[in-house]
Amino acid sequence: MKSQDIRSKFLKFFEDKKHAIVPSAPMVLKDDPTLMFVNSGMAPFKEYFLGNAEPKSNRIADSQKCLRVSGKHNDLEEVGYDTYHHTLFEMLGNWSFGDYFKKEAIAWAWELLTEVYKIDKDILYVTVFEGDEEDGTPLDTEAYDIWKQYIAEDRILKGNKKDNFWEMGDQGPCGPCSEIHVDIRSAEEKAKVSGKELVNMDHPQVVEIWNLVFMQYNRKANGSLENLPNKHIDTGMGFERLCMVLQNVQSNYDTDVFTPIIREIETIADKDYGKNEKIDVAIRVISDHVRAVAFSIADGQLPSNTGAGYVIRRILRRAIRYGFTFLDQKEPFIYRLVDVLIKKMGEAFPELKEQRQLIENVIKEEEASFLRTLDQGLLLLDRIITHSNTKEISGNKVFELKDTYGFPEDLTDLILRENGFTYNHEEFDKKLKEQQERGKQASQLKSDDWTIVLEDDEQEFIGYDVTEANVKLTKYRKVTSKKDGEMYQLVFNLTPFYAEGGGQVGDKGYLEDASGDVVYIVDTKKENNVIIHFAKSLPKNVQGTFKATVDAKQRYRTECNHTATHLLHQALREILGTHVEQKGSAVHSKYLRFDFSHFSKLTVDELRDVENFVNARIEGKLPLQEQRNIPMQQAIDEGAMALFGEKYGDTVRTIKFGKSIELCGGTHVKNTADIWHFKIVSEGAVAAGIRRIEAITNDAVKDFYFENNRAYFEMKDLLNNAKEPVKALQNLQEENTNLKKQIEQLLKDKAKNLKGELKNELTEVNGITFLAKQVDLDAAGIKDLCFELGSQYDNLFLLFGAENDGKALLSCYISKELVAEKSLNAGQIVRELGKHIQGGGGGQPFFATAGGKNPSGIKDALEAVKSYIA
Ligand code: ATP
Ligand code: MG
């Protein structure tokens, strides 16, 4: 059965069981502070399980793109080495939100596997939760009894908390689960060891394919469990593993999900898969990683240096590295795999097809730039190897290569070993650990249970219409993090505060109760569909009624920038073309930032056209036309554009200003005239094919002009009120260049004269040509002098002292023959002489320098050096 059919059979099966079929949610999460990527099928439905939102149906089935490369589920290091863990994979799932429970979930899973897919019952094992004494949670007899109607009891295994109890996090919904495992070994192998012994033992042919989670408890902050009022079903089946079983192969990579990509890699690299383990690992890594990276880019997450973008960059770099080292790929090649990937997956995931160009460009550019890094790293490493006195390189150096230059440890290791070197692993690990600790501490968050103030915790957002309202607290909790210290999270029955989202920052403001007690709201964010207000303290009387007031000035400035962002988007599509697509935006009170797809730098004329276009619409005084809760299709028909990687409900809100229409949840000015003026302040590239514009509006524009004007007049003043200040500045620059040249020449002449003088001062001591003297040159000048004299005299020993900017410098030069014959070492000598100038230094045996803060000690050093040649 082809993989496409396997996927559609799954969906069809559950559709027949009255499930609503939904498309995969975007993989990159935007509004969940606890998770960067969807890592299981349930992640997009969290708010339903928590009861913060209503699903459109209480039965849903889907195939969800998952990425397990960070946080709790991180399979990255396994990928490529085993045959059944991927970074990106599809999780087929069926869901019951307070509807059916164990009986149906188990019956249907069994029916699908054994009757629809016709998997032989004799290769299946299932597990049930054995219970846990600490928790007081019992054996899942309910599941056990249901399973035994379908499968022989000796194939039902009892599993521990680690494998058979599922939790959303430290707190929240959780429950026992039943896993379904397959044993696809040969009969011969099976005769030797029973599959029973191998379940959950990391055997590549005895693997878990499906996990049925029975959500029936809620875990509280103190660790105790309570029963959930509504019980849910959450199941996840690994699509690629299912394909492996149904296509009768021994590895996910031998299914038709991967073989076309692998064939393409074989062709490009001229290497065969299945002949050499190292090459095979590399091919698996690359075929896996290209999928993860392509899907992320399609979802709008580009490789970058922070957060989710950095995770993606690291995945891609891992692939590049394996290609570089094991497949000899020194030029970009991974982008060439995108084509086959799209042929394979483009039907099920149209976002890939539509974004092909961007995906290819971004990957190619990333490859080229990382290959340059690798080249540079190789040079650095070469230098380290040639200059090392020992065969063991310090771990700190290797860490620096990785941390500062992005040169990976495993590659360093490989190259060092090839050259007969090693490095100090302990030192490296220590450094790495320190860095990871710092990262962990910064992000660690501890949260208390919610304290409920008002039972009825429905919440309403009224901030589109007002910025002030009387509100009541429904619940609150304390959270503690290293970064922000102690904070209180407050939830109200209704709120005028806009929560960060759609690029727009969260509102700030304050609460005031009847007694005049004031609490400041420093930020507003949305978590699992609940609007959370962040405060440094708790109101004195949590039962009270509060006047909640949004900082209206900041909100207004933010609105100017948000509306301007829409106009900017429209301008870019009109002026540059409809290939322009929004790739990210940040709307603050002080400025706006807009990222979009476009392939070249904007010219000055284009920038001017864009500004004029936006300003014409500001001058046109266009009123805000807002539609709330209209069907998605209607919005699209009216011309609104859905963005890739954005999650939309069935009904949406549209914002219209003239011909600009967008799907948008943000807040806006009532009329474009409010914006007063729009000004672009910068334009540049953020990645291959992605440009970024930063712009300002309103007050910020006034400040901008004022500051520029002031700078201009100050400059003019400094130029003695020149009539043509630009020309006057150019003249100054020219003059400056000429003067610099003259100084350089003078210094050269001086050094030459000095050299002549010094030659007469050289003396012979014990067969050594010697001079120790204070000179008036800088460090570079002295070095030149040393090496010039060095080329003219044998057996030379020089020590020069110099005073520059109140600091002392000693430079010691010793001819190489002398170094060898008399085992003199300039490095050691300057280190000792450094004491006289209260400093230290070092270098090579034939040339070394020391710097110090005591110039009056130079004389003593010049005197003391005589002892070395005596
Ligand atoms: P494993 O122990 O094999 O890592 P898991 O316990 O982490 O699996 P779940 O979190 O229960 O798996 O996920 C549900 C299903 O998703 C699994 O039964 C498996 O088929 C699939 N799956 C999990 N992780 C991966 C992965 N990294 N690559 C491919 N499929 C996976
Ligand atoms: Mg796992």
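First residue shown is number 1, and so on along the chain.
Yeah, the Cβs are placed from backbone N, Cα and C, and that goes for glycine too.
Within its own chain, CYS664 (Zn(2+) binding site) has GLY502, HIS562, HIS566, ARG653, THR654, ILE655 as residues 6 or more apart in sequence whose C-beta sits under 8 angstroms from its own. The annotation Zn(2+) binding site is assigned in TrEMBL to HIS562, HIS566, CYS664, HIS668.
Counting only same-chain residues 6+ beyond the ends of the coiled coil (729-764), those with a CB under 8 A from a CB of the stretch are 715, 719, 770-771, 773, 775, 777, 781, 784-785, 788-789, 793. According to TrEMBL, the coiled coil annotation covers 729-764.
TrEMBL lists 1-707 with the feature domain 'Alanyl-transfer RNA synthetases family profile'.
Residues GLU559, THR563, THR565, VAL587, ILE655, GLU662, GLY666, THR667 surround the recorded Zn(2+) site, their Cβ atoms falling within 8 Å of the Cβ centroid of HIS562, HIS566, CYS664, HIS668, which are themselves excluded. Under the three-state DSSP scheme, HIS562 (Zn(2+) binding site) falls in the helix class. Taken as a whole, the coiled coil (729-764) shows an average pLDDT of 91 in this prediction. Within 10 Å of the Cβ of HIS562 (Zn(2+) binding site) there are 25 other Cβ atoms, across all protein chains. Counting only same-chain residues six or more apart in sequence, the Cβ atoms lying under 8 angstroms from the Cβ of HIS668 (Zn(2+) binding site) belong to GLU559, HIS562, THR563, HIS566, LEU624, GLU626, ILE655, PHE657.
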